[in-house]
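The block underneath contains the structure these notes are about, expressed in structure tokens.
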Amino acid sequence: MITGIQITKAANDDLLNSFWLLDSEQGEARCIVAKAGYAEDEVVAVSKLGDIEYREVPVEVKPEVRVEGGQHLNVNVLRRETLEDAVKHPEKYPQLTIRVSGYAVRFNSLTPEQQRDVIARTFTESL
């Protein structure tokens, strides 16, 4: 459990009135702010704080959003043959716009390699 504290009495003057987060499960303390001697976000063993007195301060914990290998979907509504024809005859498709990585881009402005990649990724036989 994480507890927020303000140190009110300590043998080490650098700790006086400093704010910390105590992790009782790990036995660690994370410095939030101190006048001197400790850096912001520095983590030390609680025992390193020595003999201290403190008052608890409320800590608001916001849920952390974690994105781990998320998915991204671009939807292009057209036929494979249209893109293949645009590769062969770009002059026929000057306004052909597709979605690539969340951006709208003119298909003809892509390199031939990028065009082939879009076609390969856009049209699959199965998922």
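Yeah, the Cβs are placed from backbone N, Cα and C, and that goes for glycine too.
Source: prediction; values computed, not measured.
Now, the feature entries from Swiss-Prot:
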| type | residues | note |
| --- | --- | --- |
| DOMAIN | 5-127 | domain 'Glycine radical' |
| MOD_RES | Lys48 | N6-acetyllysine |
| MOD_RES | Lys88 | N6-acetyllysine |
| MOD_RES | Lys92 | N6-acetyllysine |
| MOD_RES | Gly102 | glycine radical |
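Looking at Lys48, Lys88, Lys92, the modified residues in this record, the fewest other C-beta atoms within 10 angstroms of the C-beta turn up around Lys88. Of all the Cβ atoms in the protein chains shown, 8 others lie within 10 Å of the Cβ of the residue listed as 'glycine radical'. Taken residue by residue, the domain 'Glycine radical' (5-127) breaks down under DSSP into 33 helix, 34 strand, 56 coil.
When the modified residues Lys88, Lys92, Gly102 are compared by Cα distance to Lys48 (N6-acetyllysine), the shortest distance belongs to Gly102. Of the recorded residues, Lys92 (N6-acetyllysine) and Gly102 (glycine radical) place their C-alpha atoms 25 Å from one another.
For the pair formed by Lys88 (N6-acetyllysine) and Gly102 (glycine radical), distance between Cα atoms is given as 25 Å, rounded to the nearest Å. In the predicted structure, the domain 'Glycine radical' (5-127) carries a mean pLDDT of 87.
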